[in-house]
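To start, the structure under review is shown below, and the notes come after it.
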Amino acid sequence: MTRATPAVPPMQSISPDQVELPVGADSLGARYLASRTTRLAIIACAFVLLMGAALSVTVRGIHETGMADLLRVIASHASFGAISASLDAQSELVLLHLRLPRVVMAMIAGAALSVAGVLMQAITRNPLVSPYTIGVSSAAAFGAAVAIMFGVGLTGAGIYFIPLTAFVFALIAATAVFSMSWWRNMGPQAMILTGIALMYLFSAMTAAVQFIATEQQLARVVHWTFGSLNGVRWPAVVICAGVLAVVLPVMQAQAWKLNVLTVAGDDVAHSLGVHVARLRAMAIVLAVVAAASVISFLGVIGFVGLIGPHVARMMIGGDHRYLLPFAAITGAALLLAADTIGRLAFAPVVVPVGIVVAFVGVPLFLHLILSRQRTNYA
Amino acid sequence: MITLDARNLTVTAGGRAVLDDVSVTVAQGEMVGLVGPNGAGKSTLVKAILGYHHLRAGQIHCAGRDMMRSAARDRARLIAYVPQAPPEGFPVSVFQTVLMGRTPHMGTRPARRDLAVTEWAIAQLQLDNLAFRSMDALSGGERQRVMLARALAQETPLLVLDEPTSALDIGHQLFALRFLSDLAATGRIGVLVAIHDLSMAARFSTRTVLMQQGRVLAEGAGGAALTPATVRAAYGVDAMVTELNGVPVVLPLAAT
């Protein structure tokens, strides 16, 4: 750098009428805007690709159908029957009640877990954190185990009894972690440690429940902890989609503040007018609800909440205005790919998505880390 | 003329007063150097002014407003802050980091004027060639210049810095302090800078405040607060206070 003293022009040289963004393509502001356009284009392309992939995997399976059939079923239901689906009843049943809810749920679950991961990593300023780090998944697993063990016969909430119990326990864990950190005024690092401690506690409690379970109950508990999209029905899809439809736009509106918090830290964020405690509380609550709603219906699907954000960040950079929507897409794509492989690779055996996702995700993750370039920041 | 007026501040931690009835003012056009030994309360005073600490007693006024009752965003339009070193975080570009200085002025996304001011601030700190580098590819001195650019982009009448030069080599120290004193000399910005190097403080400050054990021990124009007697009282060090080629020098000789 040069030792010369930079000229400091009077601050009045900056006044709204005098400042025009230079039009030259090489001005810094223009370059910044260009990088924004690039990122929006990447997000749009990725979304279109994801939708195309979703349609093309929906028609694949043991009962093969054509793309035309699928489009007819979608058109028929989108128009409330005004357009007749006119295909055989079995194909329509398979597409409408097995494939479509499953594929849509895979994408929504992946998106929700990935967005929750982005939020948790942002507010703890720690890239190793995922929604599970604060004990949400093991608490949900314990709730599910309790429901499976003791809930038979008192299923007042019908098919929602296990998800509801899992959700309640996930919220209990998150509330415990959050209120402890509030009470002792702990930083994010202490909060992570508390969450990990709770995670072990709930795992031990689940193990204790399994210890006294019958063979049949044990099988169900274990299967639940794999995380699976088998038997997903539309109501579950709608609930998770509704949660995501609230969480994503609400946090998108806070995206710039998340940028400030992740880059500048608490002190500087505060000095820039960001209400750090409020932002952190909001992000935690929404991340926990998003993750817990998905886990409660599908069981424990790890890794997406950790890798989805990283893949997105490596491809599009750390600006949360683009990272949040793009992480939703990468998470959705990852879970869709994992479930499709799990569904088709050993058909008719369906491998639970929670298992496949690690087999798909880890090589991808390692590839990205090893081939990472440092240029993709703006 | 906008003045920061912190009066009779008392902050306690664990039953001990870390700030004990401290008053300090900074007006536009001034560069106030805040000196004192470790634990004297410099950082606490800086953070109290930024509103981190609960005040046991005292008031902070700026531009006729009570800062302790103001919204964070309003304060952020009056007082900008530069920490000792930027924290490790998720890496983003220099441009994006400087643009964050516009946060109190913008909505959910930057307007064209925010980009223009950012560009101007980057040019002031001679960071043009680094604008689209990742922050984690920069040296410590370059990173600190980015912090200064961000504070400048905030367009506040007051700038508060917590030992911004402590981790820098002498070249970057001179650059940063010269930059700050030129900024104050425009008459439009008041600077309060906590600083360890007494010679630098005496050289660049229009006023120096010497703190010790949570109190103001001495205060004076230029480096006048720094005499062998006050330095001995504050640091327990015998020092020679002199000038070389017109540059003030505080030379520590021996611990008493």
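Using the three backbone atoms N, Cα and C, a Cβ is placed for every residue, glycine included.
Unlike curated entries, TrEMBL annotations are predicted automatically.
Feature annotations, courtesy of TrEMBL:
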type	residues	note
TRANSMEM	A:40-62	transmembrane segment
TRANSMEM	A:103-120	transmembrane segment
TRANSMEM	A:132-152	transmembrane segment
TRANSMEM	A:158-178	transmembrane segment
TRANSMEM	A:190-212	transmembrane segment
TRANSMEM	A:232-251	transmembrane segment
TRANSMEM	A:283-308	transmembrane segment
TRANSMEM	A:320-338	transmembrane segment
TRANSMEM	A:344-370	transmembrane segment
Message = Check the transmembrane segment (A:190-212) against the transmembrane segment (A:158-178) for contact, please; criterion is three or more CB pairs under 8 Å, pairs 6 or more apart in sequence.
response = yes
Request  = Please give the sequence-distant neighbours of the transmembrane segment (A:158-178): residues at least 6 beyond its ends with Cβ less than 8 Å from one of its Cβ atoms.
outcome  = 134-144, 146-148, 151, 191, 194-195, 198, 202, 224, 233, 236, 281, 284, 288-289, 291-293, 295-297
Inquiry  = Quick test of the contact rule: Cβ under 8 Å, at least six residues beyond the ends. What residues does that give for the transmembrane segment (A:40-62)?
reply    = 69-71, 94-95, 99-100, 103-104, 107, 315-316, 322, 325-326, 329-330, 332-333, 336-337, 340, 343-344, 347-348
Ask   = Which bits of the chain, at least 6 residues beyond where the transmembrane segment (A:320-338) starts or stops, bring a Cβ under 8 A of a Cβ in it?
value = 39-40, 42-43, 46-47, 50, 53-54, 57, 103, 106-115, 117-118, 122, 244, 248, 251-252, 255-256, 258-259, 262, 301, 304-305, 307-309, 311-313, 353, 356-357, 359-361, 364
